[in-house]
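Asker: Below are the features listed in TrEMBL for this protein:
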TRANSMEM  B:21-45  transmembrane segment
TRANSMEM  B:65-83  transmembrane segment
TRANSMEM  B:95-120  transmembrane segment
TRANSMEM  B:140-167  transmembrane segment
TRANSMEM  B:179-197  transmembrane segment
TRANSMEM  B:217-236  transmembrane segment
Amino acid sequence: MEEGRALFVQIAEQIEDSILDGSLGEGERAPSTNELASFHRINPATAAKGINLLVDRGILVKRRGLGMFVAEGAHEQLRTSRRETFAEQYLDPMLAEARALGLDMDAVIDMVRRRAT
Amino acid sequence: MAKASTLSRTYAAFRLQFLTPNLVIVPGIVFVFGWAVALGIFFWVDGVATDRDPVAEPMFAGGSQAPLWCLAFMAAYVGSHTFPFSQALSFSRKVFLAGTLAAFAAVSVGFGVAFVLAAWTEELTNGFGIHGYNFAIPYLTSQGLGVTGFVAAAACWFVMLLGFTIVMLYKRLGLTNTWLVIIAVIVVILAAVLLTVTNVGWSGLWGWFGGLTPMALLGWLMVPAVVLTLASYALIRRASPV
Amino acid sequence: MGTAIEVKNLSRRHRSVAALDDVTVSFEANTIHGLLGRNGAGKTSLMSIIAGQDWPSEGEVRVFGQRPHENEAVLPRMCFVREDQKYMDDAKPGHVFTAASLAYPNWDADLAQRLIEDFHLPMKTKINKLSRGQRSAVAVIIGLACRANITFFDEPYIGLDAAARQLFYDRLLEDYAENPRTIVVSSHLIDEIAPLIEHIVLLDRGRVLVDESADELRERAVTLIGRWDHVQDVIGGREILRREELGRLVRVTVLGGLGADEQARARELDLDIAPVSLQQLVVHLSARQGATLETAKEA
């Protein structure tokens, strides 16, 4: 856990990451509050808050008596929302750095293309 | 959750005082050693003083007092080391005091019984054959061993409370004020003695003392004991730890 | 969940010195609270009064709705482990644990035994011969195994090495997960206890400086690094907690998180945004003179 950001948000993000990279599939059981708490050595209430954040957004669903499960369509939903913030989160800082270095846009685009292949 | 009854908590405070050897084993050792040392002296005197007639000149010593002073000290120690909130415990002052005083009472009863047994042994063996007595003091046994036991127990209760109350005084008021209070009490007692002496003379006072039966002494011992009990509660009621 | 402890307008004066000055704060039940502040801020005074040990000069304390002082309905449900907890000189750890098992109705002997093994506590040594860390272990064991509804740990880690401290935090979390209860930890090692605590009360010179959830507090401050004019542009009227300069570069920690627009603007201006840990934030807030966080919120 990194300090300076709400822990429950970080917990939610880590579960999202697992869903996005496929290590946590749709319909699978998500880690429980206590599992998360003891793994990250955090307060169970904080872990619960992180899970609830995902329940509110429909990423996780609660099955009574069984625990939390990854919702159908969660993967797609996360991809969509992460795509929306991709430019802001990753491209903006890159472009700012490029400008500071005096790189011209075509050169940057070229670099991206070369790296991608 | 489990509920704590006041009774079980008072018992816990009572037991607290017997977890360490302070109130039983240490005074017990002093009891035996004090007696043994006094007996040793008796036998030594008996060996040296060959012209002594044991029956006509019995020997008496105060070996029976040693455990009393030890217990006074231990009671003071208990007061300073087992406050209601010591060892991270959480007793109300009332419950703590009730448990502690019950522990003192139990020790006093124990002392009374031990005293009677010792006095009985001395009587039975004629002072171990040489008429040396520490417990079977004629005055104390004049109304029977039962009364002896009660007087011993009351004396024990009194000295323990004295030690305990002085520490409570110290906890509540600090060192200087404690001394002031002790000096004030001594002054009051001296003034009372002086007043009595001017009225009835020394012989009157000593006559009164000499005339006290053990039973009456027992009654008079209860007065300061009760005063000290009330004082210790009044002191602990608003005292703070540390 | 409800409130476990309610403190209203509490003051405690030792002669003319105010240890606590008009403190009003409440502690929610079944929550781990961090009670923070510099030495002499009033943490121990506050815990001592709530635990019914010390007496308030003014104000009120309610524990589970009742006055704690001399109240046997409440006192057995509370355990306050002092930083320099006193024990009987000649007692061994076993004596102290027996005393606690008698006094606390929820005492868990199995847990105590497990912790004794975890901490490698020598049971045959008298307590006054134990090292500082071993005495802290005794205190930690009492505080955990008593399972009191409300437990106060006053700087429980003194003398414990990093591994033993982590052991304490782990066991605390484990047992808390199984047996939720109200725990108040006072500590200077804020980074260490930060993941444990949900709610923070920060005291400063006897007054409440912060009373809010740990996660909210984490987002209350931000550090920006860059050119001063650019930083000024982004922070606007926010209160500056700390400002350091290195040539034309400044590092400024301000109160009040950045909104999405402001974050974008900061990136445009090539400012580095760094999070502020609870430890840093508490240090900054404690160092600040006068103002409370309430006045800062309005700014």
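From the backbone N, Cα and C atoms, a Cβ is placed for every residue, glycine too.
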Asker: Same chain only, please: residues at least 6 beyond the ends of the transmembrane segment (B:179-197) with a C-beta under 8 Å from a C-beta of the stretch. Say none if there are none.
Answerer: 166, 169, 173, 204-205
Asker: Return the stretch with the most CB pairs under 8 A relative to the transmembrane segment (B:65-83), choosing among B:21-45, B:140-167, B:217-236.
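Answerer: Counting Cβ pairs under 8 Å, the winner is B:140-167.
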Asker: Which residues, given as numbers and ranges, are at least 6 beyond the ends of the transmembrane segment (B:21-45) yet have a Cβ under 8 Å from it?
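Answerer: For the transmembrane segment (B:21-45), the far contacts come to 52, 59, 61-67, 70-71, 74, 77-78, 103, 107, 110-111, 114, 118, 127-128, 130, 132, 134-135.
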